[in-house]
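**Student:** Not my notes, these are from TrEMBL:
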DOMAIN    13-226  domain 'Glucosamine/galactosamine-6-phosphate isomerase'
ACT_SITE  ASP67  active site, proton acceptor
ACT_SITE  ASN136  active site, for ring-opening step
ACT_SITE  HIS138  active site, proton acceptor
ACT_SITE  GLU143  active site, for ring-opening step
Amino acid sequence: MRILVCKNYDEMSKKAAQIISSQVILKSDSILGLATGSTPIGMYKNLVDMYNKGEIDFSEVKTFNLDEYYQLPKDNIQSYYYFMHKNLFNHINIKKENINIPNGMNGDVEIECASYDEAIKNIGGVDIQVLGIGNNAHIGFNEPNDAFIKNTHLVDLKESTIEANSRFFDSIDDVPKKAVTMGIGSIFASKKIMLLASGECKAEAVYNTVYGDVTPQVPSSILKFHNDVILIIDEAAATKLNKEDYKLI
Ligand code: PGA
């Protein structure tokens, strides 16, 4: 696990966008695994800027998003479908048919989950998966649990996640209680993983990811077992790490 620490959120966002851009320049038909939440918004802004300057072409890129709320319509402004279009897809030349986001509205959620994993497998796996991290160390919506769940699945969100995400909704009662998320196995099928974290509220989750035991109670801890993981975090998220364990950039 390599750890790069950037001065602040803007620098983290720039670095993350540069890594995605290098991936797409090296392989124009890259498969990108994408994430939602506050953390990657700056990275998406940088990617849109690069696209506007003609520095990156998404015409052959395919994307798979990590997760989606269960039974929240696509046109709801809190859906991850809406988020991705607002922050990235509406501003770049990606083809609609190349965008994949779990459909939380599918009446048969088991079929939805199985076909999502099948689609990732059929395409040969994701080239680089972007992850945020929850205050409780969730990745995607793989919440602290008694076991790691391998495949894409329907999950009950933890109270702490519902509370954290309520900042985007009018009231906490409006936050969906379930979501469809890629499982740990689906995430691990990715060739590279880039985890982003910003702010002191993530420092403990980052500490546990780097130094803690691998346990499903700290879902991100399993990243230690993947052979190509990079953490791009800001100084605030790195406050609990030993300086010799990361590179300050
Ligand atoms: P955040 O969420 O980027 O909004 O902090 C990250 C996550 O919950 O995975």
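Keep in mind that glycine also has a Cβ here, set from the backbone N, Cα and C atoms.
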**Student:** How many Å separate the Cα atoms of ASN136 (active site, for ring-opening step) and ASP67 (active site, proton acceptor)?
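**Tutor:** If we compare the Cα positions of ASN136 (active site, for ring-opening step) and ASP67 (active site, proton acceptor), the gap is 17 Å.
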**Student:** Round to the nearest Å and give the CA-to-CA distance linking HIS138 (active site, proton acceptor) with ASP67 (active site, proton acceptor).
**Tutor:** 12
**Student:** Roughly how many Å separate the Cα of ASP67 (active site, proton acceptor) from that of GLU143 (active site, for ring-opening step), to the nearest whole number?
**Tutor:** 12
**Student:** Taking the domain 'Glucosamine/galactosamine-6-phosphate isomerase' (13-226) alone, what is its mean pLDDT?
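**Tutor:** Residues in the domain 'Glucosamine/galactosamine-6-phosphate isomerase' (13-226) carry a mean pLDDT of 96 in this prediction.
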**Student:** Which one of these active-site residues, ASP67, ASN136, HIS138, GLU143, has the sparsest Cβ neighbourhood, judged by other Cβ atoms within 10 angstroms?
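**Tutor:** So among ASP67, ASN136, HIS138, GLU143, the active-site residues given, the one with the fewest Cβ atoms within 10 Å is ASN136.
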